[in-house]
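J.: Next up is a structure, given as structure tokens.
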Amino acid sequence: YKYTSKTFINPYLFYFFQTSIYNKNTHTKKMALTPCSSTSFINKKERKNYRTHDDISSMICFAKINPPSYNLKAKSYNQEVQFLNPNMEEKEKFHMLTSGTHSNNSSSTKVPVFVMLPLDTISIGGNMNKPRAMNASLMALKGAGVEGVMVDCWWGLVEKDGPLKYNWEGYDELVKMVQANGLKLQVVMSFHQCGGNVGDSCSIPLPPWVLEEISKNPDIVYTDRSGRRNPEYISLGCDQLPVLRGRTPIQVYTDYMRSFREKFKNYLGDVIVEIQVGMGPCGELRYPSYPESNGTWRFPGIGEFQCYDKYMKASLAASAHAMGKESWGRGGPHDSGQYNQFPEETGFFKKDGTWNSEYGQFFLEWYSRKLLEHGDNILASAEGIFKGTGCKLSGKVAGIHWHYNTRSHAAELTAGYYNTRNKDGYLPIARMFAKRGVVFNFTCMEMRDGEQPHSANCSPEGLVRQVKNATRNVGVELAGENALERYDGGGYAQVLSTSRADSGNGLSAFTYLRLNKRLFEPENWRNLVEFVKNMSEGGSTRLPECDSSRTDLYVRFVKQTHAKRTTEVAVV
């Protein structure tokens, strides 16, 4: 593997390579790589001359990473919950579900770790961004012991040039690179826009021809009570209507997935081991009830119902008519408040609000049922396309943990999850996933209650516990992700705890968000390597629990200055 004085070394990867050896005119010479290496660009002719991890293992030495001196044993999840909130059982008796007999993961089972690739891995032009740096990153991840990587397959890039005109070139290059490095690949069928949500670092809109149809008929996207349109995702109200140049949205998604299968059929089940099917904004099965774009929503606002395009309104009117309640079909609740309000500031979501009335139950049943039907329609198509390929199918559900400790669970309701103090909104989703043989992928696995602002009534731990029980009770496989970027030992320790089967379903896999420059900083990298090792050993040890990297711990509370390091160590 030849390095010359003109070779460009990506600055955030240099310290992984202690030395490299190259041969020149049969003479062997050893050269140390330092930050002072020349920054001349690589010869374009060599762009695709990748070396795999195995090819280079004898030539490039990774810096040895000594495991930390700590070796802390993780407590069981039940002990942890009891410590954090001894009165939780009294507050939320309904969600403390009885444990079933099904469990697909024991506390000692290996949990494979995947790492999400950057959102802009594939450029607007359809080619791979920075392929040499990506190859080096994949090589480092392989050396760290990760199972594979995840990439978004953007509808707005692949079908950009017109209906049924697909460009898979950049993804084809990536798949081959992943295979060459001995890794596996999770692919997300991303039918949503990138930009305007938590963690979005680039902008990839829906295909231009789809945006043209939206401009002609704005009702094909989600709309709130004030008439604001959201171009993130096509409204599920028109799933079965030919609003996209003669095809229905479900047909468009189906054709896209079929084209992907035909292009990559030789890699399915071998290199490409999972297809995650996008079903809403951020790829999640939900309504876009908390859009961050233009400052519309801020954490921890309750969000707003998204049922005011003409197709959703027609469906609501038809359901109300069938009930003999015509007045209930004229629109969503009039007293549900605005995006940034709290539950007690509204008539609908307050403690004894309209959410628990006959009308409230009717509306919430309709609203959540439409979301379930949308998910089932897309997953049915995916099941038919990928059945027999050896690929797992998965679907992603959002971890909406704010206002979880209130009776109405307002933020979950506006997103389409009919989950209240008296009703489990995740069991119906789990049953639908089980029917289609789909892995239930859930976020916020890294969050702890004590990290959240008291006023927001958050309980990510209670929410994760509820989802773990729901998926176990119906026998569906559960996988996890972190919701926000975390590099500290505390976040990893929480994932190790929640990955266990002690208090519900154990995780079958975990996908870490996300590959970037910060991940390769020495302390952050050591934490990741130790985390992957612990997950492969069933979570027998864990990392320190303080957030030593000054990470943003909850949605949109981004600190622009360095915060003081905490002197307290939270108990997991």
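Each residue, glycine too, has its Cβ placed from N, Cα and C.
Keep in mind that this is a model prediction, so the values were computed, not measured.
Okay, so TrEMBL annotates it like this:
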ACT_SITE  GLU284  active site, proton donor
ACT_SITE  GLU481  active site, proton acceptor
BINDING   ASP152, HIS192, ASP200, LYS396, HIS401, THR443, ASN482, ALA483, ARG514  substrate binding site
J.: Measuring C-alpha to C-alpha, could you say which of the recorded positions ASP152, GLU284, HIS401 are within 10 Å of GLU481 (active site, proton acceptor)?
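T.: Checking Cα-Cα distances against GLU481 (active site, proton acceptor), none of the recorded positions falls within 10 Å.
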J.: Please work out the number of neighbouring Cβ atoms within 10 Å of the Cβ of HIS401 (substrate binding site), leaving out its own Cβ.
T.: 28
J.: What is the interatomic distance between the Cα atoms of GLU284 (active site, proton donor) and HIS401 (substrate binding site), given in whole Å?
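T.: Just about 15 Å between their Cα atoms.
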J.: Please report the number of other Cβ atoms within 10 Å of the Cβ of ARG514 (substrate binding site).
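T.: Excluding its own Cβ, the number within 10 Å is 19.
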J.: Counting only residues 6+ away in sequence within the same chain, which have a CB under 8 Å from the CB of ASN482 (substrate binding site)?
T.: THR443, CYS444, MET445, GLU446, GLY491, VAL495, TYR512, LEU513
J.: Taking only same-chain residues 6+ apart in sequence, whose CB is under 8 Å from that of ASP152 (substrate binding site), what do you get?
T.: LEU117, LEU119, THR121, VAL188, SER190, CYS194, GLY283
